[in-house]
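Feature annotations, courtesy of TrEMBL:
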ACT_SITE  162  active site, proton acceptor
ACT_SITE  267  active site, proton acceptor
BINDING   24, 135, 160, 295, 297, 321, 323  substrate binding site
BINDING   190, 218, 243  Mg(2+) binding site
DOMAIN    141-239  domain 'Mandelate racemase/muconate lactonizing enzyme C-terminal'
Ligand SMILES: C[C@H](N)C(=O)N[C@@H](CCC(=O)O)C(=O)O
Ligand SMILES: [Mg+2]
């Protein structure tokens, strides 16, 4: 099975409700979809969001990196030589992680199709059902409480509460939500870099002293502030998770050596795809460190790839934040990974199991 072409499209899916974090507000998913064609007629699918504020990637940079750098190297390559193909994707250009993730997942999709097995089985197998949290956008306190209760009614047992806007209001936000949902859902916080180290310690002590039990706090301070992450990790009981501070395996090793976090959030768009995500999971398993699998604002194309990985690495990926499809107004994909509120289940179609995608707008890269 040899690669013959890579085609591009834009996928736009409105969100059910605006997604609001300390970093940005977004109303729809607008992601690049790629289709890797082969001489056997099989097609591998990949997706990349342009999360400029976190990864630095834009639609233009994703298309250019794939079309100008990766595609010429990949045409004619045999999918059976997976490690060689992955090397070509990873080593032809630095950074550009979302572009690499999209191409890699399409190649892994084809690798599963080549051997007629679902990707999670190719990666080691596992129980193909997982349960995700859902994000509660940062907003007025009453709105966040209402959104939290609605999420619980939909069956979500873990809520990822976005904070990081104003430390005083954030403390009140979390206390109000905790009072409303105690015993019905587990709370995890994500400050998306919005606090200073001292603010984070202050807020978490206030919450801990008030009896608010949190599963974890994600990325309290600036991505580059590893000393700040360590300062917080040493001072609070709530486990601290690195998201924007950890992209690839090297950052994870650095965080582990520094003891600057308790948990790592693996996202394909930060690792540059599945191969580095596997390395991170393996490193964390050596150091008895748990991982979350997360996503950006992604549809069920790339979130399916993350779900396959999470199933295969469930020994270390114990926390799931794959709510992209649940945040969307509809699922444009007909595939073998089903997203039904909190439950994500994978049936045994080969590769990623994507049959068709509604509403793709074809894109032609600039010549
Ligand atoms: C969607 C997911 N639950 C999430 O919160 N992801 C990111 C932010 C993604 C974005 O801004 O597109 C995170 O910070 O964990
Ligand atoms: Mg995060």
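All positions are counted from 1 along the displayed chain.
Glycine too: its Cβ is placed from the backbone N, Cα and C atoms.
A separation of roughly 13 Å, to the nearest angstrom, links the Cα atoms of residue 162 (active site, proton acceptor) and residue 243 (Mg(2+) binding site). Broken down with DSSP, the domain 'Mandelate racemase/muconate lactonizing enzyme C-terminal' (141-239) shows 51 helix, 13 strand, 35 coil. Long-range Cβ proximity for residue 135 (substrate binding site), meaning a same-chain Cβ under 8 A and a gap of 6 or more residues, is found for 19, 159, 160, 162, 190, 321, 323, 327. Checked against ligand 2, the binding-site residues 135, 190, 218, 243 give 190, 218, 243 in sequence order as having a Cβ less than 6 Å away from one of its atoms.
On the 0 to 100 pLDDT scale, the model's mean across the domain 'Mandelate racemase/muconate lactonizing enzyme C-terminal' (141-239) is 98. Checked against ligand 1, the recorded positions 162, 243, 267 give 243 in sequence order as having a Cβ less than 6 Å away from one of its atoms. Taking the C-alpha positions, the distance from residue 297 (substrate binding site) to residue 218 (Mg(2+) binding site) comes to 17 Å. Fewest Cβ neighbours within 10 Å among the binding-site residues 190, 218, 321, 323: that distinction goes to 321. Sorted by the number of other CB atoms within 10 A, the recorded positions 24, 160, 162, 267 start with 24, the lowest. In sequence order, 267, 268, 269, 302, 303, 306, 321, 322, 323, 324 make up the list of same-chain residues 6 or more apart from residue 295 (substrate binding site) whose Cβ falls under 8 Å from its Cβ.
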